Amino acid sequence: MLFKQQALLRQKLFVLGSLAIGSLLYLVARVGSLDRLQPLCPVDGRFGPRGQDEIPLRALQFKRGLLHEFRKGNATKEQIRLHNLVQQLPKAIIIGVRKGGTRALLEMLNLHPAVVKASQEIHFFDNDENYAKGIEWYRKKMPFSYPHQITIEKSPAYFITEEVPERIYKMNSSIKLLIIVREPTTRAISDYTQVLEGKERKNKTYYKFEKLAIDPNTCEVNTKYKAVRTSIYTKHLERWLKYFPIEQFHIVDGDRLITEPLPELQLVEKFLNLPPRISQYNLYFNATRGFYCLRFNIVFNKCLAGSKGRIHPEVDTSVITKLRKFFHPFNQKFYQITGRTFNWP
């Protein structure tokens with residue numbers, strides 16, 4: 001009899017214990033889900049003291065998912081109105097240069113909770129057909145954002161296209177312009193490498209870099225080759241300076257952005273008058289890829305596409321020397337105009 005009573009007591013205790021543990025797990029899950037569903041979150045803990053620059057933490061998974069749905073066109077007009085979201089013209093544009101690191105810069109700036117990026121290159125100002133569609137067409141290509149956030153787009157062809165400076169000036173004469181540059185010879189080879197990969201993918205043949213970069217008739221640098229022309233940064237910048245003062249430009253070191261991104265991003269934050277929010281927490285080195293990847297929060301990480309960091313073909317050292325000698329006077333003038341010096345050979 002005593003044995004049966006003890007067994008019954010143990011059974012009751014087991015049931016009560018299971019109910020208690022189940023209730024506790026439910027409460028934990030419930031609290032966690034409520035936290036995740038908060039549309040706004042104080043910035044004190046992660047991004048420092050709150051003040052007049054207070055911004056909703058778009059980095060939260062809830063907000064990031066919400067904006068993603070809006071970008072896909074899955075939101076109703078009522079949802080957009082309730083969340084006070086708008087499509088704004090960009091207050092800053094990454095105008096170049098091609099193969100300088102424009103995509104990396106855009107993705108890294110998107111770590112900042114006050115920045116919203118246009119995912120695709122719009123090619124509004126450099127494409128006559130797109131430009132003819134008007135500024136409202138351009139605005140509707142922008143992502144949804146909160147009114148106090150900065151929308152940024154990037155189209156590296158802007159930097160070298162003659163009509164673009166005047167067109168952007170007509171849209172916004174006080175816009176901030178970002179130019180990311182790399183050592184000119186390295187950038188030209190990277191430009192060639194991207195085109196070469198595209199040709200190989202289509203089983204097409206292509207000239208060697210040396211044959212394109214050097215004029216076979218004069219044995220001098222071929223300035224008609226687009227990859228070479230793009231690397232003459234000062235020539236393109238002088239055209240922009242006819243419309244915008246140098247103070248509206250910020251030069252980003254694309255080589256340093258690869259090896260030591262945080263200091264470069266902090267300089268951009270300052271140029272854009274943004275409160276400092278990007279930290280080393282947001283950037284971690286991926287040894288497999290050989291590049292820094294992005295950490296938005298404990299859940300969401302992102303690395304750049306596998307097409308970044310292509311292996312360059314071997315180029316004749318005499319051609320590299322000739323190119324560096326050619327670019328040298330243009331580089332010196334670029335340093336003088338921008339006030340930023342690089343250790344380019």
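Any Cβ shown, glycine's included, is placed from N, Cα and C.
TrEMBL lists 12-29 with the feature transmembrane segment. Residues annotated as domain 'Sulfotransferase' in TrEMBL: 90-334. Summarising the annotation, TrEMBL assigns 3'-phosphoadenylyl sulfate binding site to LYS99, GLY100, GLY101, THR102, ARG103, ARG182, SER190, TYR292, LYS308, GLY309, ARG310, ILE311, HIS312. Under the heading active site, for sulfotransferase activity, TrEMBL lists LYS99. As annotated by TrEMBL, disulfide bond applies to CYS293-CYS303.
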- request: With an 8 Å cut-off on Cβ-Cβ distance and a minimum sequence separation of at least 6, pull the same-chain contacts of ARG310 (3'-phosphoadenylyl sulfate binding site), or say none.
  value: SER190, THR193, GLN194, GLU197
Task: Determine, to the nearest whole angstrom, how far the Cα atom of GLY101 (3'-phosphoadenylyl sulfate binding site) is from the Cα atom of CYS293 (disulfide bond).
output: 14
- prompt: Within 10 Å of the Cβ of ARG103 (3'-phosphoadenylyl sulfate binding site), how many other Cβ atoms can be counted across all chains shown?
  reply: 18
Message: Among the recorded positions LYS99, CYS293, HIS312, which residue has the fewest other Cβ atoms within 10 Å of its own Cβ?
response: HIS312
Query: If you measure HIS312 (3'-phosphoadenylyl sulfate binding site) to CYS293 (disulfide bond) at Cα, how many Å is it?
result: 21
- line: Densest Cβ environment (other Cβ within 10 Å) across the recorded positions GLY101, SER190, CYS303 belongs to GLY101
Statement: Over the domain 'Sulfotransferase' (90-334) the mean pLDDT stands at 94
